[in-house]
Amino acid sequence: MTKDILILAVETSCDETSVSVIKNGRDILSNTVLSQIESHKRFGGVVPEVASRHHVEGITATINEALGDADVSIEDIDAIAVTEGPGLIGALLIGVNAAKALAFAYDKPLIPVHHIAGHIYANHIEEPLTFPLIALIVSGGHTELVYMKDHLSFEVIGETRDDAVGEAYDKVARTIGLNYPGGPQVDRLAAEGEDTYSFPRVWLDKDSYDFSFSGLKSAVINQLHNQRQKNIPIIEANVATSFQNSVVEVLTFKAIQACKEYGVQRLIVAGGVASNKGLRQSLADQCKVNDIQLTIPSPKLCTDNAAMIGVAGHYLYQQGRFADLALNGHSNIDLEEYSAE
């Protein structure tokens, strides 16, 4: 009988302290998430120093809670996986140092995991990954299209040239007057409004899979400023609808085109913006028309969590990709350089 593989995973790349125990690469035995949203809300965004302090305060209790929820001891764990980057360096270091301490104290292998690889592997929890596939990455810091021909094989075929989609959502939300985090609130408003503004769709070069959202963001902000200066009433829901439709149309079109060009029948979506209802519906509609299998994680697995790190860590464990105790956090890591090839 094959022995179960248990991975203890740690995620502290931004403003969630999360620890999870994953069995055999898919089964979530525990997934504890300590959110900092309320602490950052008054600042209108994540403050790195505040995030780091909260990670320090919460990491030990979160580890203990995850082990308790999974009903396992640290001795039962086969390896420790941890997000090494990209992310906020101070936040990353809390998780990395905690993982190194556990690996040293209990003589466990240490597995460094790329944060975006984790988001990709959140899909594996919902439905086993089959290859080749296209992954659409949409988050506060990243907007990418990635071609994968096998596990841990990443070829970035498109990326944002300026703002990430989640960043654009947050800035538009602030301009409208919505509280942090703005993305979910824009999505909610968009369901109530009408597409009354002609905001731009930025396609860039012909056949390019790159993205650009700074022009769209500026167009929305300028429109709102002009209306306020002229005392023209603003229907916030219509602004949200028009903005979101512009974003979703571009993301959907390029994702579907990438699937067609690369001859794949599997599209997965990863990152916090993957929980956006408008995007999920648009992709579902177009994948159905084009006979493409679509997988999007449940909303709780779209945002940062350690379960996704544990799943990616499982496949790194199988490949023997371990780190020594000199492992450090990195604010930027290229996904392709992290690829198994």
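Keep in mind that glycine also has a Cβ here, set from the backbone N, Cα and C atoms.
For the substrate site, Swiss-Prot gives I137, V138, S139, G140, G141, D170, G183, D187; the one candidate out of N64, N238, N245, N276 that the record lists there too is N276. Just one of D285, D291, D304 is listed by Swiss-Prot for the same Fe cation site as H115, H119, and that one is D304. Close to I137 (substrate binding site) in the fold, though at least 6 residues off in sequence, lie I116, H119, I120, T143, E144, L145, V146, A270, G271, each with a CB less than 8 Å from its CB.
Taking Cβ-Cβ distances under 8 Å and a sequence separation of 6 or more, the neighbours of S139 (substrate binding site) in its chain are H119, A164, V165, G166, A270, G271, G272, V273. Around G183 (substrate binding site), taking its Cβ as the centre, 25 other Cβ atoms fall within 10 Å, counting all chains. I137 (substrate binding site) falls within a strand when secondary structure is assigned with DSSP. Secondary structure from DSSP puts D304 (Fe cation binding site) in coil. Neighbour count (other Cβ atoms within 10 Å of the Cβ, all protein chains): 21 for G141 (substrate binding site). Between the binding-site residues H115, H119, the minimum number of other C-beta atoms within 10 Å of a residue's C-beta occurs at H115.
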